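One structure is given below, encoded as structure tokens.
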């Protein structure tokens with residue numbers, strides 16, 4: 001199996017586990033052969049870093065030491081829900097995306113478009129967010145939305161409902177619709193590669209794609225939800241929206257055979273107080289499960 005396409009599932013703060021997975025892929029010589037990266041929610045954040053040319057060590061440094069999760073809560077305002085449909089502004093997220101694009105090995109401008117990323121020689125980036133006006137998933141890419149600003153597309157994909165301000169693109173490009181987190185409806189974009197664009201085989205199963213799939217082995221645990229604060233309700237609502245998509249991929253299915261299952265260790269997706277210790281635990285989990293997957297599968301790049 002040769003790998004040209006990579007899909008990164010959403011998973012909130014647990015997405016740092018992908019650092020360990022990417023490191024094992026890099027050690028196996030696989031990352032250099034990746035031509036396209038698709039991501040949803042936090043998966044799109046890391047996908048953008050990969051496409052901008054960052055090394056795995058640089059991605060880890062950015063996420064552990066320059067991406068302050070506690071700053072997600074800056075600008076808390078309950079009145080914002082009634083006008084912008086989110087408690088927090090999400091400005092810090094957009095600012096961080098701008099900064100990593102500018103500081104990237106590709107020296108991209110903060111408002112780089114998908115077309116400009118392609119012209120700069122970046123790997124192809126595919127980002128997904130939910131369009132509430134059309135009740136559907138929107139693909140952002142140089143093929144579908146070449147003039148859309150990459151940072152805004154990633155911000156849209158990370159708009160956790162009721163937590164962060166729902167996203168409307170500046171200058172109404174591509175439109176004036178309202179977007180929220182892509183993980184609500186399309187949290188694992190591996191299947192995106194299963195079509196005639198990327199899979200020449202008659203059944204349209206892209207054998208040149210692999211996905212990093214965050215899940216919790218202990219997902220059947222009960223949560224003591226006493227509604228002591230509306231935020232508790234919102235956190236559990238978001239976890240539920242993600243978990244209903246986590247009907248386990250069978251090991252013998254087309255997606256299962258191409259998926260690296262990474263244990264999220266039961267850490268909530270919205271734990272914005274995540275410690276460095278838990279970050280390291282997640283990174284180790286990503287590395288361990290990816291190493292096991294690569295041992296069991298013959299992949300040649």
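The backbone N, Cα and C atoms fix where each Cβ goes, and this holds for glycine too.
If you look up TrEMBL, you'll see 6-194 marked as domain 'PNPLA'. Computed over the domain 'PNPLA' (6-194), the whole-number mean pLDDT of the model equals 92.
Annotated motif 'GXGXXG' per TrEMBL: 10-15, in sequence order. Panel annotation: around the motif 'GXGXXG' (10-15), residues 39-43, 45-46, 69, 160, 181-183, 187-188, 214, 238, 242, 264-265, 267-272, 274, 282 of the same chain, lying at least six beyond its termini, place a Cβ under 8 Å from a Cβ of the stretch.
The motif 'GXSXG' annotation in TrEMBL covers 39-43. Within the same chain, residues 7-15, 18, 125-128, 157-158, 160, 181-183, 186-189, 212 sit at least 6 positions outside the motif 'GXSXG' (39-43) and bring their C-beta atoms closer than 8 Å to a C-beta of that stretch.
In the three-state DSSP reading, residue 41 (active site, nucleophile) counts as coil. For residue 41 (active site, nucleophile), applying a Cβ distance below 8 Å and a minimum sequence separation of six or more within one chain yields 10, 11, 12, 15, 157, 158, 160, 181, 182, 183, 187. Residues or ranges marked as active site, nucleophile by TrEMBL: 41.
As annotated by TrEMBL, active site, proton acceptor applies to 181. The Cβ neighbour count for residue 181 (active site, proton acceptor), using a 10 Å radius over every protein chain in view, is 30.
As a summary of secondary structure, the motif 'GXGXXG' (10-15) carries 4 helix, 0 strand, 2 coil according to DSSP.
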